[in-house]
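Chemist: Heads up, here are the entries from TrEMBL:
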COMPBIAS  1-13  compositional bias 'Polar residues'
REGION    1-23  region 'Disordered'
TRANSMEM  107-133  transmembrane segment
TRANSMEM  139-161  transmembrane segment
TRANSMEM  187-209  transmembrane segment
TRANSMEM  229-247  transmembrane segment
TRANSMEM  293-312  transmembrane segment
TRANSMEM  324-341  transmembrane segment
TRANSMEM  353-371  transmembrane segment
DOMAIN    389-463  domain 'Calmodulin-binding'
COILED    468-495  coiled coil
Amino acid sequence: MSSTVWEESQGETGQLEDGVTEFSDRERATGDGVVCALEMEATARGVHGKCKLDCLNCDGLIGRNGGDSAQVSVPLSLTGKRSSPMEGENLFRLRDRKFLLEDKKRLCALALGTALLGILLMIIHAEICPFVYKPGSSIALIINCSISLSTGCLLLLIIAFHYKDIRLFVIDHNQVDWRIAMTSHRVLVITVELLVCSIHPVGTYWRAGLPLNTSSTAPLCVSNSHGEALLDVELLLSVLMFLRLYLVHRAILLHSKVLLSASYRSIGSLNNINFTFRFVLKVLMNKHPARTLLVFILFFWLTASWMLTLCERHTQASTGHMDTALWLVAITFLTVGYGDVAPTTSCGKCVCLFTGVMGVACTAMLVAVVTEKLALNKGEKHVHLFMLDIQISKRIRHAAANVLRECWLLHRTNLTKGNRGEHRRHQRCLLEAIRVFRHLRLKQRKLRDYVSEMVDLPKMQMIMCDLSSNWNNSYRELEQRILSMEQKLDELSRCFHQTSELLSQALRHRNPEIR
């Protein structure tokens, strides 16, 4: 396999350049010992040709791999000589890389689905608990156990995803020890992800077995007998469960057509482009800006409204209802702020503050998208400016004709010596026609200056290419003419030389007669 193919396979994703374990898919475990070939090491060190060592007991490799035994076969050619193992190893790497990427996509989709299921169960639990069943009942315990079970499955899926990511790092960098991939940054990322995904409300477990308080007005399925501290903890844990939505950007990256396209990967690897979520988001904003912003804004409004409702519900305020919370989030997001409703709790104020910050950012992007949609492209702009120039030229001709007409009328009035009123009227009309004429000339000059400032780079490039090609053709023609002149000069010099020899011979023949 050529190095170009390996570089192309390495350019598939910038974020996926992490992680590793050894090639366990291709290794066959044996019970007695290890038989391995040193062809890979010999090839990596540039050792080519015949090798008399067919196999060797790799005790050192056993120690590095934790005592596991494996056997690696050596490919042989038809003549009995060993062929280069790099081609087969690269094929194995590409195959394993493809399988690992498919596994990562599958695990990421399952993790996102499990996270959304846990959030949905938490929302159902918070909405119907005070009305359908009482706090501490068996139904509440079952739903909370389901949330905990989904959280456990999510943690397992996150660990499996990073395990595949580490194996992919091993394949990409041709490493042996998986511990090389466990950098401090990777360990920190895995730890933070596990902590974020493990957050979920657990107040129902504390409530189980205690006497019920039917007069509870808490926003969650927790009795007031535990006090405000437990309510605040449950509220915080419920809101922080939405942090699991960070998995959306990973799913978008792994399932995007940009990452799955071989042309994107090959061209990106040649230009050192990392296929991260930022690049995929830029592509989406360029291809479908309105659709992307609309989906994000609607989803953010609904999420922030429910979080605000959850925060304000136990205060019996108007913002504890979904319709009022949605109105407050909308006017805060659009930075209008009528002042008719306002949050009362610290949690609600934090939600509104975050909504305002996101509203400013989304409004800026929305303005940029609308401006880009309303702007004329190059062709439309050229047509529009050309038609404006034609219209202004017509108006200039009409204004010049009006100036000449008023001049003639004023001259005729002077010749006939009419009344003063008619003379002053023609003078005012002449001055007005001159003013209009000057104004139109100035407008045309500004328009042409604006057109001249619009540098059409492709057109300039084509002009420069044409000039360069013309210069090259002229240079070649000049070279041909110079060569032809040199040839003619050589022929002339040869003719002069032959003529001088003939003259000298003739003089030598005549010289005895003259003497």
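Glycine too: its Cβ is placed from the backbone N, Cα and C atoms.
Bear in mind that TrEMBL entries carry predicted annotations, made automatically and left uncurated.
Keep in mind it's a predicted model, so treat the numbers as computed, not measured.
Quick one: where do these features end up spatially?
Modeler: For the transmembrane segment (107-133), the residues of the chain that approach it from at least six positions outside its boundaries are 139-140, 143-144, 146-147, 150-151, 153-154, 157-158, 160-161, 164, 197, 200-201, 216-221, 238, 241-242, 244-245, 247-248, 250-251, 254-255, 306, 310, judged by C-beta separation under 8 angstroms.
Long-range neighbours of the transmembrane segment (293-312) within the same chain, counting only residues 6 or more positions beyond its ends whose Cβ lies under 8 Å from a Cβ of the stretch, are 123, 126, 219-220, 235, 238-239, 242, 319-322, 325-326, 328-330, 333, 343-345, 347-348, 351-352, 354-355, 358, 362, 365-366, 369.
Note on the transmembrane segment (353-371): residues 285, 289-290, 293, 296-297, 300, 304, 329, 332-335 of its chain, located 6 or more positions outside it, place their CB under 8 angstroms from a CB of the stretch.
The domain 'Calmodulin-binding' (389-463): residue composition by secondary structure is 69 helix, 0 strand, 6 coil, according to DSSP.
Outside the coiled coil (468-495) by six or more residues, the chain places nothing with a CB less than 8 A from a CB of the stretch.
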Chemist: Roughly where does the domain 'Calmodulin-binding' (389-463) sit in mean pLDDT, to the nearest integer?
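Modeler: Mean pLDDT across the domain 'Calmodulin-binding' (389-463) comes out at 85.
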